[in-house]
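Notes to accompany the following structure.
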């Protein structure tokens, strides 16, 4: 048994569209960032240097003073907010006490606070770790010498802990203890800590102005993480392809929820989205090549991106999307309806595809698709590099499709391209393609056309008002006009009737006189007739 499978290229008629210069250059899956998840990340700013404590005490003390200058203002703002946000356990008194979840803010103690700061303060209160969890976290970090570690709490929540300078201490300083003097080790660690402090200042500097509502991007946080951003994202469960999209869309954000001055660490609440692929939706990218009709250069106006799902075709707004490795990842829904005329255009009815003049802007003169060159050789120089012959395009042709059977090595617009076997027809003749209506996209042209249309509408309005006045005049004089017409008609009919009566009367009299007149030579035969009958005669 042989099963024949027919491969459907999609709902878009690429063959017909290619005749008017529309080429599909790329197709991507459609993914949306759904509701964000939250993960705690602890950034330990002071490395564990118990092995080399004697050599680095002075450098660590100086570094600690610098850290306090950054951490103390942030800690004061966080403490002020968390102390003045309390849980609202109940309302009312007695047996009929109503209980519900919520928080209440002591506005008098806070003083001036914006709506964003109050909202961030409530979120800070709800996401803040309790004192017991902080104490357990501090003890775990003091015993850890790993650059990246996972700390499991009693509630089974996993906290990712990062020690920014610990890798340098473990891999550079400790192995060099036998080869370098104690003073040199202290100097090297001091330089590293000073550099790390400048990175911290660049990351958390904005938080000094507004520690409550300030957000930190994961890109900025990567400096404080010691360049371990990929490992952190892998801990959050992102794949390699998704990782690039998440970073480009700045989907991962972090907020400071706690500062521990004694342990010298910061607790960050990281918000990261979940990617969800919309099955069946394919996003297509369209490119337009200009074509010539006589001396005028045109191109077809189509959206840059469209999406297909089954038989449906819709518009696609790429402003909130990032395109990476066969995927379009968007921070919101980017699909919206498409007009029926544009759908007919994409399904192959070229008469429904609008076109506009290439004026003042440089459009695509050629494009490489499926190994073939689709070019408007009437507006640019197309030359076969192998034979040094010019590839001409006659005026009755819209486009020229160049493949290896025409020329294997093509020089076009100063670029030399090696083409493959033929995938498109040789040429497209203007007489065989039904072109769509011409429109203007330039702002000045659109404004001029709109002004002309408005003027024509005003002129038409004046003419309509004049015609209405004429119709009103005719309507008012309808009875007098009818009377004037009926009067001569009635007189004429009366005269004709009298004339007919006279003619008929004369004709009747003439016939009657002929029927009663007796000829004088006529003598009746009265033989055998009685005298009385003769007398009667």
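Every residue, even glycine, has its Cβ placed from backbone N, Cα and C.
The range from 423-448, 449-474, 475-500 that Swiss-Prot describes as coiled coil is residues 449-474. Looking at 96-124, 125-153, 154-182, the stretch flagged in Swiss-Prot as coiled coil turns out to be 125-153. Of the candidates 16, 392, Swiss-Prot records N-linked glycosylation site for 16; the remaining residues carry no such annotation there, which does not rule it out for them. Residue 321 (disulfide bond) falls within a strand segment according to DSSP. For the pair residue 16 (N-linked glycosylation site) and residue 353 (disulfide bond), the C-alpha distance works out to 11 angstrom. Of all the disulfide-bonded residues listed here (382, 407), it is 407 whose C-beta has the fewest other C-beta atoms within 10 angstroms.
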